[in-house]
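Colleague: According to TrEMBL, the protein carries these features:
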type	residues	note
BINDING	Gly109, Val110, Val111, Gly112, Asp113, Thr133, Thr134, Lys146, Lys155, Thr173, Leu174, Arg175, Thr176	NAD(+) binding site
BINDING	Glu188, His251, His273	Zn(2+) binding site
DOMAIN	71-183	domain '3-dehydroquinate synthase N-terminal'
DOMAIN	185-334	domain '3-dehydroquinate synthase C-terminal'
Amino acid sequence: MSTMRTVKVDGEARYDICIGPNLLGDSALLSHALRGRHALIVSDGNVAPLYADRVEATLRAARPTLSIACFVIPPGEQEKTLARFCEALDALAKLCATRDATVIALGGGVVGDLAGFAAACWMRGIDVVQLPTTLLAMVDSSVGGKTAVDLPAGKNLVGAFHPPRAVIADTTTLRTLPERELRAGLAEVVKYGAIFDAEFLTWLEHHADALLAGDDAALSEAIARSCQYKAEVVSRDPYEHGERALLNFGHTFGHAIEAAQGYAGAGSAALNHGEAVAVGMVLAARLSAALGLAHASDTHRLQALLQRLGLPTVIPAGLEPEALLDRMRLDKKAEAHGLRFVLWERAGLAKIVSGVPDERVLDVLRGR
Ligand code: ADP
Ligand code: ZN
């Protein structure tokens, strides 16, 4: 019996998200997703040694005449640059110099964003197939078509909407993912419950230990449900004119924390994206309560779940409230009169609120 689950993204772009164990070895699945006579596998220095050979062998088994090349970047967010993007295009030029190619993004969000953007731009756009290998990429960045690289001035400042041809999430790859990265991905999983479905939060409360232990069935269920929520939103609002913005719950605060600490990567003391979002969600919940939108009991519930998942829920020492507020004003979601936030009315029901007074935000940042 196959244990693969499929989530469909509909609307302007249509594609399948396939989730299950050992999918990188599934020749029929990979070759079905792949068009053209050439394939460029884009990966990073941690993931390529673990999985690139397998992907290549799987593709060769199905398509013996396919020409395949690999482009590997060093790991880390600091590599999501225009310079690496140009190198990826050079790799495509060397491989084929035609549109007859597919880019295969094998890795976490950094690789997915960079490879997706290269596919979006190469000869005005070729297919990208996303093979996410982090939980965060499986539940978030590989789905929905946002691709980008960073500039010194900020994250994701150059990019394009370029939906993938397919997303294939091999849950077995999560076994080699550092535990801290797994936890970071769980923060984005919790986010879906927080904004869309209190019942999913209850499910997460019941399965927290299984998820942390890397239990296949629990992880697959969490990924499939997360992808389902995201697929529904991006199907209805692919370009973030409206409700897609709800996915930014916790992110205005989270991005400010990340920016204030200088986007330090994994292994450092600084918070990674998922950790910053965990803190940001608690701050958003507290702001919701401070504005009289929601009950404080919902904040406590969210905080308890995140803590059980080993995620931080308070602002790291040394980050000043005023400095964080200034960062938020610079964020693209800032407006002339007060800031705009994704808040919630209760667990499972988020809404966008404009014109939030600076003083209320500062109170929350000061822990009052
Ligand atoms: P994210 O997906 O969280 O946005 P990255 O793309 O930076 O972030 O990936 C996080 C880190 O995990 C990187 O160092 C990357 O090389 C590493 N990594 C990704 N997938 C795996 C995996 N399946 N096994 C081991 N390490 C991985
Ligand atoms: Zn995020």
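From the backbone N, Cα and C atoms, a Cβ is placed for every residue, glycine too.
Keep in mind it's a predicted model, so treat the numbers as computed, not measured.
Buried or exposed, and what's around them? Tell me for each listed feature.
Modeller: Reduced to three states, the DSSP call for Lys155 (NAD(+) binding site) is strand.
Under the DSSP three-state reduction, His251 (Zn(2+) binding site) is assigned to helix. Taking the Cβ of His251 (Zn(2+) binding site) as centre and 10 Å as the limit, one finds 23 other Cβ atoms among all the protein chains shown.
Under DSSP, the residues of the domain '3-dehydroquinate synthase C-terminal' (185-334) split into helix, strand and coil as follows: 105 helix, 0 strand, 45 coil.
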Colleague: Does DSSP put Val111 (NAD(+) binding site) in a helix, in a strand, or in coil?
Modeller: helix
Colleague: Report the same-chain neighbours of Thr134 (NAD(+) binding site): residues 6+ apart in sequence with Cβ closer than 8 Å to its Cβ, ordered by sequence.
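Modeller: Sequence-distant Cβ neighbours: Gly107, Gly108, Gly109, Leu174, Leu177, Glu181, Gly185.
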Colleague: Would you list the other residues of this chain near Zn(2+) - those whose C-beta lies within 8 angstroms of the C-beta centroid of Glu188, His251, His273 - in sequence order?
Modeller: Leu136, Asp140, Ala187, Lys191, Gly250, Gly254, Gly274, Ala276, Val277, Gly280
Colleague: Just jot down the residues in the same chain as Val111 (NAD(+) binding site), at least 6 apart in sequence, with C-beta under 8 A of its C-beta; none if empty.
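Modeller: The answer is Val42, Ser43, Asp44, Val47, Ile73, Ala105.
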Colleague: Kindly point out which of the binding-site residues Gly109, Lys155, Thr176, His251 have a C-beta less than 6 Å from some atom of ligand 1.
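Modeller: What lies within reach of ligand 1, judged by Cβ under 6 Å, is Gly109, Thr176.
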